[in-house]
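These come from TrEMBL:
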DOMAIN    61-153  domain 'FAD-binding FR-type'
BINDING   113, 114, 115, 130, 132, 139, 140, 141  FAD binding site
């Protein structure tokens, strides 16, 4: 690298980069707008505070099967999975900074992984998990990406 001493060269370079940046930002904004319309409000809506005290979550110490209600594709490798809760008339009621443990029998082996929902306690009857599929090395994320609506986790 070397410093630029010619002011015209500096202006020209800056203008060219600024114009390119504006083009790319415009392209990203238009693509994002189209994509955002098909995503759940947990990813697109304003933040919602719905705080609950610890130990009121619908899930207790034992594993409970929950149905996959819907999936939303975010990218080629990432999706939002919407799962039902045991009592569909209530929110999940997971306290802030807590996680849930997902368990599945995969290849004859019990696999357990922690996930933090992206939905809030304002959402009644379901919770959303944003999960990236890491392929063969990540058993649970691959399993979730292979699930069909109605399957249970």
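Quick reminder: no glycine exception, Cβ is built from N, Cα and C everywhere.
Values in this document were obtained by computation on a predicted structure and should not be read as measured data.
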Pairwise C-alpha maximum, in angstrom, for the residues (113, 114, 115, 130, 132, 139, 140, 141) that bind FAD according to the record: 16
Cβ packing number for residue 141 (FAD binding site), 10 Å threshold: 21
Proximal but sequence-remote residues of the same chain as residue 132 (FAD binding site) (Cβ under 8 Å, at least 6 apart): 77, 78, 141
Summary of DSSP states over the domain 'FAD-binding FR-type' (61-153), given as helix, strand and coil counts: 11 helix, 38 strand, 44 coil
Segment confidence, the domain 'FAD-binding FR-type' (61-153), expressed as mean pLDDT: 94
Spatial neighbours of residue 113 (FAD binding site) that are distant in sequence (at least 6 apart) but have CB under 8 A: 101, 102, 140, 141
